[in-house]
Amino acid sequence: MTMSSFVGIILLLIAVEIPGSFQHDRGHSKFRGPQVSQTAGTPWPMPLSYHTQATFTYVDAGEFKFTDVDESSSCSILEEAYNRYFPLIFGRRPETLFFKSSFKAPTDAMTELMVKLEKPCKDTDYPMLESDESYTLDVNGNQAMLSASEIWGVLRGLETFSQIVYQSNDGGFVVNNTQIVDKPRFNHRGMLLDTSRHFISVPILMTNLDAMAQNKFNVFHWHIVDDPSFPYQSEKFPKITNMGAYDPETHVYTQTDIKNIIEYARMRGIRVVPEFDSPGHTSSWGYGQPDLLTKCYTGSQPNGQFGPVNPVPNSTYVFLKSFFTEIAQLFPDHYMHLGGDEVSFACWQSNPEITSFMKKMGYTSYSQIEEYYMQNLLNIVGGLGKGYQIWQEVIDNGAKVRADTVVEVWKAGWEAEMEKVTKLGYKTLLSTCWYLNYISYGSDWMAYYGCEPFNFNGTDAQKQLIQGGETCMWGEYVDGTNVISRLWPRASAVGERLWSAKEINSAFLAQSRLTEHRCRMVRRGFQAEPITGPGFCREEFGGV
């Protein structure tokens, strides 16, 4: 970023954050209802370069359309986006609009957004880590142009355009003269949802994907199974689902459900990365897959309890290859998350089969058993043409994994961990700072906003290994009744940290913009909770 661009952003932030300094007629209407806020029409997350003026033009909702500069560049992803964004701009529900019955857009109102896509998109396109999400947006009078190299940049630009159009006090829709040049700071901007501890229905997952797209997240990290339940419906191993799910009829994700979620996400430029955590966190696997888990011993006899996956027998890897082949065929993303966290060695230590195997292999620590298991699993998944992500414990326990492994850092002391992992040459994700399942009274979003992934001792080469980060919602106390309100807009703070420039880091300056964005989400039908003390949205949530 040039210094002039940075200064332009800061000056703009000052203008839109200090009441009365934005020279606009927002407070001079005869309309006697709630007034338009000073931050109306301000985008979230903040673009890389954002210059706006007080001069505005009306947008004719009755005549407005999206126009492809080159129709041959279009595809179903773009066409569906147009259909999706029209009601987002002009109101999904009548009760959220303050139309004046006498209002009529002037003859010189804006009637179209021109969209220029340089690289033609295909109906089958799927987003990747390397996808180009950059775009430019130019609004000048009643002319507006959105340009992007790839379809994913167009989707991000459409979201920004939908945010900078707002409803004025006279009931008309307006947009200020604005020039935006934008791209994400990090390519991986993820959200983990745990659907094992409590089941979350498909419609709620799709609602959350909408919210993710409207905050420019691009990875749904689906922690789909864990110790408590196995809601993934496997075609090859139906007994695992039938015996491991809370209810094999009502609390499962069928293959069709999963395909629908992947497609819903794809249309919004969101990748779906499944996590099947092992060798620990696998209790629910063992009910329907005999001899997969390690038998725990008391003295010389099994005690009826089971530990992590048994890494010794060849049958373990025959199962894993067959199972992950199914996963690889169902999930199109290049990456799978293979877990590896919180592996208790106690059961392995008690089992004579594993003790004998350690002696045979010349192992001196049980972390070498974990390394043996993970290397076998990585070889299986790599042989399927997939990349893999793991939790940091695999590295912490001394395992040496393949060079192309992506390590996710989640424990306290993340600064030292990031330094260590990147020094080893591994690509890295950060999630420590952004565990949204931990809640506290007050504006806890500020702590999430203040976390800076580059704040660790490392060279520029080490920091180039940071792919981005993830915010996590673990499911011990979350289900479909509260997951949306607990995530949003607290996750929005993480979204800006991962998208916007490093210099956009003041929670004080961000607060009024985030308050505006929260009200925008409420207006769009999300149960997004307040981020500050007493206040109101012009359009309050009216129920589902």
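These residue numbers are counts, starting from 1, taken along the chain as shown.
Backbone N, Cα and C define each Cβ position, glycine as well.
Per TrEMBL, these features apply:
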ACT_SITE  Glu342  active site, proton donor
DISULFID  Cys75-Cys121  disulfide bond
DISULFID  Cys296-Cys347  disulfide bond
DISULFID  Cys519-Cys537  disulfide bond
DOMAIN    43-164  domain 'Beta-hexosaminidase eukaryotic type N-terminal'
DOMAIN    186-501  domain 'Glycoside hydrolase family 20 catalytic'
SIGNAL    1-23  signal peptide
Euclidean distance between Cα atoms of Cys519 (disulfide bond) and Cys347 (disulfide bond), Å: 51
Cβ neighbours of Cys537 (disulfide bond) where a neighbour is any other Cβ within 10 Å: 19
Alpha-carbon distance [Cys519 (disulfide bond); Cys121 (disulfide bond)] in Å: 33
Tertiary neighbours of Cys519 (disulfide bond) (same chain, Cβ under 8 Å, six or more apart): Ser37, Cys537, Arg538, Glu539
Predicted model, mean pLDDT over the domain 'Beta-hexosaminidase eukaryotic type N-terminal' (43-164): 92
For Cys75 (disulfide bond), the number of other Cβ atoms found within 10 Å of its own Cβ: 16
List of residues, in chain order, with Cβ under 8 A from that of Glu342 (active site, proton donor) and at least 6 apart: Gly280, His281, Glu393
Between Cys296 (disulfide bond) and Cys75 (disulfide bond), the C-alpha gap once rounded to whole angstrom: 55
The domain 'Beta-hexosaminidase eukaryotic type N-terminal' (43-164) - residue tally per DSSP class, helix then strand then coil: 35 helix, 34 strand, 53 coil
Among Cys121, Cys296, Cys347, which are disulfide-bonded residues, the residue with the most C-beta atoms within 10 angstroms of its C-beta: Cys347
